[in-house]
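First comes the structure, then the notes that go with it.
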Amino acid sequence: MGRNVVALIVALGFAIVAVGAQQDGCSSELPASLSGNYSSLACKTVWNNFVLRYYQDQDNVLSIVLSTMYSSGWVGMGFSKDGMMVGSSAVVGWVGTTGLPHIQRYYLGGQTSQQVQVDQGNLLFAAATPSVVVDQAKIYLAFQLKFSARLSQQQLLFAIGSATPVNNVLQEHDDKTSVSFDFSTVVTLRSKLSSDSGKTATFRQLTVHDDKSDGTSSSSSYPSKLKRTHGALAIFGWGVLLPIGAIVARYCRQWDPLWYYLHTVIQFMGFLFGLAAVIAGRVLYDKLHATVYTHRGIGIFVLVLGILQILAFFLRPNKDSKYRRYWNWYHHWFGRLALFFAAVNIVIGIRIGDAGNSWKIGYGFNLAILLTASIILEVLLWTRWSNKNAPAF
């Protein structure tokens, strides 16, 4: 099992490097096709994985790039007078069933599809052609709006729907929120930069950390805290305890039966923490209805493998049983699969959860420690075996 453990952790190291390299949130670069008209934008995560990049110039033209995780359906951003849907105007983007991108203005006259009118409302596109780009499982809605006066505090609506629009007809959203956003913040900071340096062209990206522009309504701190709890439980259970338990079973057998008791206790604790992470993830999904099908599917698969490992403990045959080698094969390979897919899913979770570099570095450091320990212990184990089996002269 030793070489398999080392190979497994090496593979996980490559996985986190590959996925971690795809930065998310305000730290990520825009797709190259958007860099021309949208290269100098302030940025803020406004809701779940929704990231809003924006800039308002002196002619009251508001440049917007809205991005979020995407697999299918539609994504929308609305401007409201009172934070309510009815009576507001919105920009909605999606990729059609033929693979072509679409972006349209809508007037939200009611809560039915017939009352949501395309090419209507109070929003007016500016000179730049609006566009939709899908890149690395994220959708970007890029557009410019012309207003008669400068925007300051504005009620914004964000929504996502899983049904792909047909003939520009929107189906009901799966989730939505309303936030109060202050567009004047970036104007002040950008103007100050211009007056101090005189070189606005050098301004690349500004991240605004202003609590005043945090969401109201359903945009509370509860989902964020639950998301962090879900991630911490998953990393500690599936990513720390369970790999340590596997290492104990491989390299500590000379301390029989202590290794077995340690292995059992650590694995049970790891499974309990992992189960708590799954429960937290389920509650989070019910709250957000996020389109994270891959992450959710792998999580369910890993949970099933974990349950099968627990059953293996109770079905463990005696050492002299003829079924013992089949049990060993089942226990070892199902365990390896669980560890591998759990680690991959942790990396995916860090990515789609927009967790930031601290989570990526922390989990990468954890994998590095496991890899280093496994290599050292494997070398020592093979050295002992070589000495033990060396011919006597």
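Using N, Cα and C of the backbone, Cβ positions are placed for all residues, glycine too.
Residues or ranges marked as signal peptide in TrEMBL: 1-21.
What TrEMBL records for 48-161 is domain 'DOMON'.
As annotated by TrEMBL, domain 'Cytochrome b561' applies to 193-386.
If you look up TrEMBL, you'll see 231-251 (among others) marked as transmembrane segment. Listed as Cβ neighbours of the transmembrane segment (231-251) (distance under 8 Å, sequence separation of 6 or more from its ends, same chain) are residues 1-2, 5, 9, 259-260, 262-263, 266-267, 269-277, 280-281, 302, 335, 338-339, 342-343, 345-346, 349-350, 353, 355, 359, 362-363, 366, 370, 373-374, 377-378, 380-381.
If one looks beyond the transmembrane segment (258-285) by at least 6 residues along the same chain, the residues whose Cβ comes under 8 Å of a Cβ in the stretch are 223, 226-227, 229-231, 233-234, 236-238, 240-242, 244-245, 248-249, 252, 292, 296, 299-300, 302-303, 306, 309-310, 313, 342. Summarising the annotation, TrEMBL assigns transmembrane segment to 258-285 (among others).
Residues or ranges marked as transmembrane segment in TrEMBL: 297-315 (among others).
The transmembrane segment annotation in TrEMBL covers 336-353 (among others).
Taken from TrEMBL, the feature transmembrane segment applies to 365-383 (among others).
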*Residues sitting near the transmembrane segment (297-315): Cβ under 8 Å, six or more positions beyond its termini, same chain?*
238, 264, 267-268, 271, 274-275, 278, 281, 327, 330-331, 334-335, 337-338, 341-342, 344-345, 348
*Average pLDDT across the domain 'DOMON' (48-161), rounded to a whole number*: 90
*Pull the DSSP breakdown for the domain 'DOMON' (48-161) and write it out as helix, strand, coil residue counts.*
3 helix, 66 strand, 45 coil
